[in-house]
Amino acid sequence: RSLIMTCLSLVFEGIILEYVEGGESKTRSIDLLDLRPDTDVTALVEEIQKREPLITASCLEHVIHLVQRLQEKLGEKQIHKFSLFKVLRTHILPLTNVAFNKSGSRFITGSYDRTCKLWDTASGEELRSLEGHRNVVYAIAFNNPYGDKIATGSFDKTCKLWSTETGKCFYTFRGHSAEIVCLSFNPQSTLLATGSMDTTAKLWDVEKGEEVATLNGHSAEIITLSFNTTGDRIITGSFDHTVAVWDVGTGRLLHTLIGHRGEISSAQFNWDCSLIVTGSMDKTCMLWDAVTGTHIGTLAAHSKEVLDVCFDYAGQRIATASADGSARVYNAGTKQCIAKLEGHEDEISKVCFNPKGNCILTASSDRTARLWDAATGHCLQVLEGHADEIFSCAFNYKGDTIITGSKDNSCRIWH
């Protein structure tokens, strides 16, 4: 069967190869976790080429160029100082979530006002308002890396798929019997997953607008879901204290991760799909082997509920955010706590690494977002100005723009 490479893209963790095998689109990832500012890039790529038949002589130069660009980025040491660029106040009720497209040129905001708004990042201009839901628009996403579609999940039990370019609604996905609270596109952008308070998740065909599978197995609400980077597995986290690992192709339940003693708040795969991290209201974060479903370790440094967890882009460190007002950074390999992020005066609901992995962003009920040095836990900057708690925050792909969304009905862009 012939392999035809269709696309080659670079992310901070490595190279993603998109190819066609036997008429079917597939993706494969090559990690570049050993890349350093002093690595001989040509030698590294030639070494990769020996193991990877998709990297042919004709695209070798292109790969070398891409990896050199990544190496330059890794060499940029200084941490960006952010200042407020714009306050956007057109939602008439609080925001629920914010999300960037891959390049960071556009972002979206969901709101209790039943709309999702699309914004131009550079100008702070509202490009369009996506209207049609009959209740809170809670979960939102671009189909990155493409960014030509937007998905919105609502308390009205439906999910809508929109054109970024025209604002037209392609499909309304109906089938859930309770609020949709989480959603995600698979990396290939062929499927959309929705998670609901009805205890199920569903997979939908993006092109045809049809339901592909219902993931049945939880005994309580699903609150979080996440695809792995190859798109063949999806995890769902539930109020039933468990996380389920599903085979995307068949919709079959592969593993149930049992160990938490409270509702799951957050769950994520690392980049090479080998690990899963889960956060829970039981005040702990747990690490699992993604292939076997076995428990690897428990990270128990918080005194209150763990509200968010994430891996850095290389999958080597874990950040946790808690209702105790602190965040923690752990080494995923040793499971040791390497930094304590202390300074917020109220609970932290969101935590994320910048793409380079040297900086962490937290959003808190104390009305501020903070930037931290990921290695030392030192607070680099406090982003102040919101009049109420900050629910949501995100970095763009370059790591030089931040958006924060608040209960004060506004969204702020920081450059």
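In case you wondered, yes, glycine gets a Cβ from its N, Cα and C as well.
According to TrEMBL, the protein has these features:
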SIGNAL    1-22  signal peptide
REPEAT    88-129  repeat 'WD'
REPEAT    130-172  repeat 'WD'
REPEAT    173-214  repeat 'WD'
REPEAT    215-256  repeat 'WD'
REPEAT    257-298  repeat 'WD'
REPEAT    299-340  repeat 'WD'
REPEAT    341-382  repeat 'WD'
REPEAT    383-415  repeat 'WD'
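In terms of DSSP secondary structure, the repeat 'WD' (173-214) contains 0 helix, 23 strand, 19 coil.
Highlighted: of the candidate stretches 88-129, 130-172, 173-214, 215-256, 257-298, 88-129 has the greatest count of Cβ pairs under 8 Å to the repeat 'WD' (383-415).
Sequence-distant contacts of the repeat 'WD' (341-382) (same chain, at least 6 residues past either end, Cβ-Cβ under 8 Å): 12, 73-74, 76, 79-82, 304, 307-314, 317, 319-329, 388-395, 397-399, 402, 404, 406.
Packing against the repeat 'WD' (215-256) from elsewhere in the chain are residues 16, 27-29, 178, 181-188, 191, 193, 195-203, 262-269, 271-273, 276, 278, 280, 282, 288, 290, 292-293: each is 6 or more residues past its ends and has a CB under 8 Å from a CB in it. For the repeat 'WD' (257-298), the mean pLDDT of the prediction comes to 97.
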